[in-house]
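Presented below is the structure to which this report refers.
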Amino acid sequence: MVKLRIRSSQWYDGVDNAPHRPYLRAVGLTEADFAKPLVGVLVSWSELGPCNFHNLELVRYVKEGVKEAGGVGLAAPTIVVNDGINMGTPGMRYSLISRDLIADTIEAQFNSHGVDAWVGIGGCDKTQPGIMMAMVRLDLPAVYLYGGSAEAGWLGERELTIEDAFESVGAYLAGKITLDELKRVEELSFPTYGTCQGMFTANTMATLGEALGLSLLGSASPPATSARRRKYAVESGRAVLKAAELGVTPRKVVTYDALYNAAVTLFATAGSTNAILHLLAIAHEANVKFTLDDFDEISRRVPVIAALRPAGPYAMQDLDRIGGVPRVLKKLYKAGLLRPEALTVEGEPIGKLLERWEPPAVPEAGILYDVEKPYKPYSGIRILRGNLAPSGAVMKIGAADKLRFEGRAKVYDSEAEAFKAVAAGEIKPGDVVIIRYEGPKGAPGMPEMLKVTAAIVGAGLGDAVALVTDGRFSGATRGIMVGHVAPEAAVGGPIALVQNGDRVIIDGEAGLIKLEVSEEELEKRRKAWAPPPPKYKGGLLAKYAALVQQADKGAVTSPSAWGT
């Protein structure tokens, strides 16, 4: 296996490198180990939340698979930011930032220790795209392994996810439930370790890991508590050295066709709008031209076929019971919606893998539908453009009952202001809530608005009120919500010019978001507008605000598509 040690041999072979070897002898390597490929096992782990709590256990099984394949595995950590805990707090500014930090820390760790290949174990919303970005950036043989989602909770016969906890706050504030009922949902909605249970951002990105070909087929859906997690950990350890032998690296996998397949899968599952940002960032790292125009074109041909929360009533564990993500992919493949020649880390095109895969003899039970008779006839997400978002915006329509909305603007310059208004009952049917200065540069960090959106839905206003923001949404968001408005307010985008009472038109079917104000009036407002002073003058947030690009570019911070 000397041919697989192209990198580690430069660090650890020969007389010149004799002083390097004692460092690895001290952590358990033997003389024989120095002749084996060195495989990094990147793990996101933290006790500050359940999403990555169990991932350390998976390291042992990945290393077991690496050993079986003739390599030696050594683990290294990366950071974790728990989105759910930070929702509606100043900490949410660090969420999207952590994605790029994770990619950067992986680059620094593995490029400075000479690993020949690696397996990345991730769990929550930003660890996954951060790991995938690093896979493409480093372009070493690599496999992504998901830690798995938490089991759903139960309140009587009602299946609960964390979405219920957020929406129950709005229901309580609106007087629809008691404090005791809210407390009961809080206690029962997240019963095990693992990630949030619906097709929210974490499960969306795990699903897209399979669609992109960066993960082993079938590895996304088993719950974190399942013994199959350990099985896939061992198999991922074996697979990464097989990929190395075959010369399969992430840049050969993440092609236009792979991104196309990921977009199709995203729309068919009504996944998180955050995935648009993350796929744009992964494409950026791969130096593949894949833009909002591509998402727009694909979205118009793909219906929703999965009844997963928040678009439907089911959790990821329910999809797992009927075959998981491969069952989704096979339906899309048989309908001619996937590009079957896209290569995977398993060394074969995704079409070949799906041809061999057979679903379990379990009825789909309303969890999954055929493309010809879909759950919803339109895609889960639609790209909008218009004078309010010249560079684009993203609307999640799979979890909304209305595709078109017209109303009067109520403008708030922060999420906190908007939440206070919702809690005080100031938001009325027909309002278009505008939350601005929450974009990549303005917040900075483009925080998610789940606290506000869940409060709106919980108050019973989900179909009667729309929300438009230059910030982001949680994957658990539902209702009439438009985010990622670009350009953002902080750089003078038209959203900065909206005033209370302005009429706003949102049309998901036409892909339109329009501010019904004359160009002459907008120009007058533009001349009167001045950029706000930076919220931070030092530290990480200031650095991020200086580097980050707009949402339509994936909110990336890397100045180059090729970071090696």
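All positions are counted from 1 along the displayed chain.
Quick reminder: no glycine exception, Cβ is built from N, Cα and C everywhere.
Taken from Swiss-Prot, the feature active site, proton acceptor covers Ser474, and the record attributes it to sequence analysis. Annotation source Swiss-Prot lists [2Fe-2S] cluster binding site at Cys51, Cys124, Cys196. The Mg(2+) binding site annotation in Swiss-Prot covers Asp83, Asp125, Lys126, Glu448. Positions annotated as N6-carboxylysine by Swiss-Prot, on the basis of sequence analysis: Lys126.
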C-beta crowding around Cys124 ([2Fe-2S] cluster binding site), within 10 angstroms: 28
Cβ neighbours within the same chain of Cys51 ([2Fe-2S] cluster binding site) - under 8 Å, at least six residues apart: Val80, Asn82, Gly123, Cys124, Thr127, Gly147, Tyr193, Gly194, Thr195, Cys196, Ala202
Residues near Asp125 (Mg(2+) binding site) in space but at least six apart in sequence (CB under 8 A): Asp83, Ser95, Thr195, Phe200, Thr201, Ala202, Met205, Ser272, Asn274, Gly475
Spatial neighbours, same chain, of Ser474 (active site, proton acceptor) - Cβ under 8 Å, 6+ residues apart: Asp83, Met87, Phe166, Phe200, Thr201, Ser272, Asn274, Glu448, Met449, Leu450, Thr453
Secondary structure at Glu448 (Mg(2+) binding site), reduced by DSSP to three states: strand
Mapped DSSP class for Asp83 (Mg(2+) binding site), helix or strand or coil: helix
Non-site residues, in chain order, whose CB comes within 8 A of the mean position of the CB atoms of Asp83, Asp125, Lys126, Glu448 at Mg(2+): Val81, Gly84, Asn86, Ser95, Leu96, Cys124, Thr201, Asn274, Ser474
For Cys124 ([2Fe-2S] cluster binding site): DSSP state (helix, strand, coil): coil
Cβ within 8 Å of the mean position of the Cβ atoms of Cys51, Cys124, Cys196: remaining residues of the chain near [2Fe-2S] cluster: Gly49, Pro50, Asn52, Asn82, Asp83, Gly84, Gly123, Asp125, Ser149, Gly194, Thr195, Thr201, Ala202
Tertiary neighbours of Lys126 (Mg(2+) binding site) (same chain, Cβ under 8 Å, six or more apart): Val81, Asp83, Ser95, Leu96, Ser98, Arg99, Ile102
